[in-house]
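K.L.:
Below is the structure I would like to discuss, written out as structure tokens.
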There are 4 protein chains.
Amino acid sequence: MSSVSDAESLVLSSDPLHPANLIPELCRGFYHLGWVTGTGGGICIREGSIVYIAPSGVQKERIKPTDMFVLPYPQPTEPSPHTDRVFLRRPKQELKESACTPLFWNAFDLRDAGSCIHTHSQHAVMATLLWAGKEFSISHQEMIKGVRIAGTGKALSYLDTLVVPIIENTPNEEDLKDSMAEAMKAYPEAAGVLVRRHGVYVWGNDWQKAKAQTECLDYLFEIGVKLKLANLL
Amino acid sequence: MSSVSDAESLVLSSDPLHPANLIPELCRGFYHLGWVTGTGGGICIREGSIVYIAPSGVQKERIKPTDMFVLPYPQPTEPSPHTDRVFLRRPKQELKESACTPLFWNAFDLRDAGSCIHTHSQHAVMATLLWAGKEFSISHQEMIKGVRIAGTGKALSYLDTLVVPIIENTPNEEDLKDSMAEAMKAYPEAAGVLVRRHGVYVWGNDWQKAKAQTECLDYLFEIGVKLKLANLL
Amino acid sequence: MSSVSDAESLVLSSDPLHPANLIPELCRGFYHLGWVTGTGGGICIREGSIVYIAPSGVQKERIKPTDMFVLPYPQPTEPSPHTDRVFLRRPKQELKESACTPLFWNAFDLRDAGSCIHTHSQHAVMATLLWAGKEFSISHQEMIKGVRIAGTGKALSYLDTLVVPIIENTPNEEDLKDSMAEAMKAYPEAAGVLVRRHGVYVWGNDWQKAKAQTECLDYLFEIGVKLKLANLL
Amino acid sequence: MSSVSDAESLVLSSDPLHPANLIPELCRGFYHLGWVTGTGGGICIREGSIVYIAPSGVQKERIKPTDMFVLPYPQPTEPSPHTDRVFLRRPKQELKESACTPLFWNAFDLRDAGSCIHTHSQHAVMATLLWAGKEFSISHQEMIKGVRIAGTGKALSYLDTLVVPIIENTPNEEDLKDSMAEAMKAYPEAAGVLVRRHGVYVWGNDWQKAKAQTECLDYLFEIGVKLKLANLL
């Protein structure tokens, strides 16, 4: 008989690259980038059929491995207003499931992503207000090469125009699920989805690629905003 | 006979979440956010009837647990020009009581807060100059959801307009006590009070919520300023 | 018989100033300056006839000494479309050689540099768009004194005008080699080369001087951009 | 016979608050504030008749206690073109004396300061260009209260106008000595001197006060620049 339950062993590891250890470390970094202040934003990592997600409404720079929710992918039954999500492990404290969960699921279902990051970066929010229509686009920037087609395909070229669809925000984060899914289908090459007055969702094959692409997109939102304000775009 | 006095034991703990340990750690973080440079700003934490406050006029990123003032709440007698505050513990060094103390007390008395944060953030100061009237307001920003009604109630909705009253600065910080209290009564749903050309006071049920709300409000001041300067607001 | 191969010993050292240890440390610093986010940018260090280069396409703030490529300088044969580069040591993982390698080589061949740094700093990119011609120039700034003539000569004076040529970006980073070399010949006193919509290459006699000059140039790009936007330049 | 010479013992201490330990720690902090990048800027601490100064032309975020120059105050003979400064201790490496030394000396001679800080902060430089005349001034900012009259006297009030004289830059930093001294005499209440297109010198009774005042002044330069650019000043 082991000293910790099977469920607990899902988040206990001495490997710093185990998702339960990585997510807190990455969130500390995101906090200092201004992506997840005020408990906003987050990251999930999927390793095959196991998904690790940080809880909602907590200080992202202070989460611990034992704060993680662990879910099976796919879910045994499609969650709906009538069925709850199934968890492999829930934290003991009265922590709430992330409201981002259904949106992260879009990245798994529609792009077979291994990780998805959600930020409230001000560069993303400013971009959704300076690009008033349904998409943000920018071209002729080296950092475009750091973004992959559909988020999980081959890298864009310097000659490509990067396009990120923008959806309208809703009072409840979960309600973004359908419009985000629609945008992902309407823009099958998009590596992320902007949410007006809110932030951005970015995914990749694994956490390294999701993180690198979030950095590239955030850089492009930031420089796009600077260029617009300087009348250079 | 114990080796440390009862008063000293109020600030000596091996628990990193003890207020005497937390306040120095949080102040280091606030320093790097530009909230408490030049010895300005600060934070207090109240646990039931015991209040912990960092001293005035010291480098906030270098304070130590033994620098803390500890006060009873409520005070045995209402402090006035003729009565001094009562302390459970004072630091040995010739440190001065925080000039913010009466303002922090407003948050306890009028909102039953468990923590109050004061910053000199430039975003707050710029907001008080771009919003020239008696209040800052912003709507349709996701980060509004991170702020609670009255600072201690339920969370605002994305559809709510966030309003923070602005009071005029005074030469002596203590003299803000009455106008801050008036603003808190005039704006019973406000989660903080801006002080023109000075900064902001934000409170919450506990330090976690006070800190998260300070981050959300600071984000909203910052993006509000950016939007005004870009003629988007 | 030693326990590690001769090739491996090239990157294993307990000296924190060994290039294989320094490059990861410096890259962590560059990441926090916004120079190498999204896996972009990098640094190489040459000690005599041995060159250390970080791999391509990895998170620069997380590289390890064992991720380094080590190359002989000069190469036994001039690399061309028909000959590959020779390595003294390659990392075991499936890491890719840096696309910056031929550009770093320009700094060795044309300036006898001991180190070259490539950043994607937004200050550099903004400078290439606000200076629309073939060069960035600025005068009467103290920080000009931190830059050396040709990158490896004596320091510029406060009375000198700093000039950095700007070349046009290409879809493949390697293809910048010839235009960068031409710019270095056309501007024999230049300490770096800007790449429009991409970033900057800066070199120096050793890593300390390359880093200090990159900081000075980045400062000058940043303040130049601010002055232009404020109509002060 | 001791194992280290008396001169060496001047920089060897296990006390983190010893000037030889403090200066490297403070310089690391200043580096991350953008005050001393590219080897620029610095700090000196005087304890009675002993002055500790970091060397010139080195990466300020990487200096070590053994890199310190230690000088007697006052100097046995007034340094001139014909007499060199006297040192109590010089670092063994071929490090150069700071070009700021004569300027730091102004703060000792004219204000009896215990510490002086020199930054190349872009906020200071921008302030010298947006305030085109002989002085920077700002009023009605809470942070003014963090600055002391003459740098070493009593604190300014919120109702006071803060004035910092601006002198013109010279090709050789040492040549600023006389114009800085003149400005300090012409503005006997000034807590610092700005150098156009260069940076600022700020002093205080001790390193804590010099640092706090440098932070306050830097904050005031930054917000002053923002207000000018927003047409609010």
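Any Cβ shown, glycine's included, is placed from N, Cα and C.
Note that TrEMBL annotation is computational and uncurated.
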K.L.:
Given that TrEMBL annotates D:HIS118, D:HIS120 as Zn(2+)-binding, name the residue from D:HIS32, D:HIS198 that shares the site.
P.N.:
D:HIS198
K.L.:
Cβ under 8 Å from chain B: which of the recorded positions D:CYS100, D:HIS118, D:HIS120, D:GLU142, D:HIS198 qualify?
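P.N.:
Sorted by position along the sequence, the hits are D:GLU142.
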K.L.:
Hey, how far is D:GLU142 (active site, proton donor/acceptor) from D:HIS118 (Zn(2+) binding site), Cα to Cα, in Å?
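P.N.:
D:GLU142 (active site, proton donor/acceptor) to D:HIS118 (Zn(2+) binding site), Cα-Cα distance: 23 Å.
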K.L.:
Counting across all protein chains shown, how many other Cβ atoms sit within 10 Å of the Cβ of D:GLU142 (active site, proton donor/acceptor)?
P.N.:
23
K.L.:
With H, G and I counted as helix, E and B as strand and the rest as coil, say where DSSP puts D:HIS118 (Zn(2+) binding site).
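P.N.:
Assignment for D:HIS118 (Zn(2+) binding site) reads strand.
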K.L.:
What kind of secondary structure is D:CYS100 (substrate binding site) part of, going by DSSP in three states?
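P.N.:
In three-state terms, D:CYS100 (substrate binding site) counts as coil.
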K.L.:
What subset of the binding-site residues D:CYS100, D:HIS118, D:HIS120, D:HIS198 has a Cβ sitting under 8 Å from a Cβ of chain C?
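P.N.:
Near chain C: D:HIS120, D:HIS198.
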K.L.:
Quick check on the binding-site residues D:HIS118, D:HIS198: which one has the highest count of other Cβ atoms within 10 Å of its Cβ?
P.N.:
D:HIS118
K.L.:
Compute the C-alpha separation of D:HIS118 (Zn(2+) binding site) from D:CYS100 (substrate binding site), stating it in Å without decimals.
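P.N.:
Cα of D:HIS118 (Zn(2+) binding site) to Cα of D:CYS100 (substrate binding site) measures 8 Å after rounding.
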